[in-house]
Amino acid sequence: MEPGLSVVWGLRVSWYVVIVVALIGLLPLGAVSEFVRELCRRGKLKSATSVQSPPRFTVPQRWFSHFYILGILVNTILLAVAFLFAYICTFPLQSHESKVSAMVFSMSGAGQTHAGIVGVDNVPQLAKYRERAWSSFLLLAMLEIHLLRRLFESVYMFHYSPLARMHILGYFAGLGFYPGASITFFTVHFQDKDYFSALNTFVVQTIGRFVILHTGPPLLNFELRVQDHVKSFQGLQAFQWVGLAIFLLGSIQQYRLHSILASLRAKRVHTGVEAVLKPFSMDKKRADRYEIPLGSWFEWVSCAHYLAEIVIFLGILIASGGNNLNVWLCFTWVVLNLTFAASEMHKWYKTKFEDYPTCRYAIFPFIY
């Protein structure tokens with residue numbers, strides 16, 4: 001099997017596995033379902049009786065930020081590679097860059113088979129990969145925006161209860177999600193053998209220039225012009241603009257919803273410029289206090305922030321063109337995982353508060 005297809009199928013199998021696990025948690029399958037639910041519970045659903053005696057095999061809920069830190073590390077690397085490759089598919093190298101690339105290409109031995117296809121100085125050949133390269137970059141850029149915002153919210157907006165815990169297996173699963181999503185978006189066109197070969201050779205040549213010949217990345221030797229970048233984004237298709245718009249709307253809405261949740265534990269709500277970076281001053285004395293969230297989408301569903309997350313990934317799915325199975329599987333897992341989590345949260349709210357609104361659904365208005 002071709003290396004590119006091996007990566008695609010490895011991701012596909014991984015997504016199938018986690019989807020099956022999520023389905024087990026959602027379906028009434030007795031002890032098996034309860035075991036999965038126990039592994040996935042976190043925060044208010046899995047609290048310690050005291051800080052000194054946490055449940056076995058659990059980690060603090062505040063470690064949630066680790067998911068975003070690791071995701072940013074992986075995604076930023078892939079985002080940089082995707083951008084450089086998309087740029088090289090769009091704009092030609094300078095003459096001295098082409099000579100360096102040819103030297104590294106020859107030294108690596110990779111050019112013996114695919115020189116006519118994937119040499120990075122062969123712009124007419126690489127031009128056919130331009131749209132696919134930029135589409136992969138767009139998906140990774142959207143994920144990067146999401147990760148940076150979520151890390152900001154985790155660090156500056158939320159104050160996790162010291163009693164809030166999550167199972168260590170759930171923690172490791174969370175660590176794997178965003179790198180998995182990032183790799184999925186990076187490899188969205190790997191089923192095209194020639195595209196994979198072109199990208200692979202580009203990476204080899206870029207590393208070779210840096211390590212063997214001690215030259216900087218090719219981007220540093222380009223005559224960058226703003227109008228060139230504008231032309232790149234003008235090539236986006238209508239469905240990509242629609243997906244980007246849905247993504248941004250979902251992101252803005254999720255930030256608003258998270259602000260509502262954070263305000264429930266705030267001792268003072270900031271206004272003006274100060275509110276942009278730090279909307280609230282958190283009160284540690286209220287860290288273990290829970291209230292019914294009100295306003296915006298919370299008037300219809302208990303886990304409105306989960307619904308916004310689904311909207312965010314729906315935007316990414318639409319921007320991908322909807323023709324890649326792995327992206328669909330990633331989106332399916334997001335929907336199932338958040339639906340399962342919302343179901344547990346909805347039950348907790350109704351048990352915790354006698355006056356909880358009976359008209360609210362768990363996550364999907366008027367459906368579930």
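Along the chain as shown, residues are numbered 1 onward.
Placed from the backbone N, Cα and C atoms, the Cβ positions cover glycine too.
Feature annotation from TrEMBL assigns domain '3-oxo-5-alpha-steroid 4-dehydrogenase C-terminal' to 242-368. Look at TrEMBL and you will find 13-36, 67-88, 100-120, 132-148, 168-188, 195-213, 233-252, 294-319, 325-343 tagged as transmembrane segment.
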**Message:** Do any residues, 6 or more residues outside the transmembrane segment (294-319), come within under 8 Å Cβ-to-Cβ of it, and if so which ones?
**Reply:** 135, 138-139, 142-143, 146, 185, 239-240, 242-251, 253-254, 256-258, 260-261, 327-328, 330-331, 334-335, 338-339, 341-342, 345-346, 349, 357, 359-366
**Request:** Compare 13-36, 67-88, 168-188, 233-252 by their Cβ pairs under 8 Å to the transmembrane segment (325-343) and return the stretch that comes out on top.
**Result:** 13-36
**Item:** Closest-packing stretch to the transmembrane segment (13-36), where packing means Cβ pairs under 8 Å, from 67-88, 168-188, 233-252
**Value:** 168-188
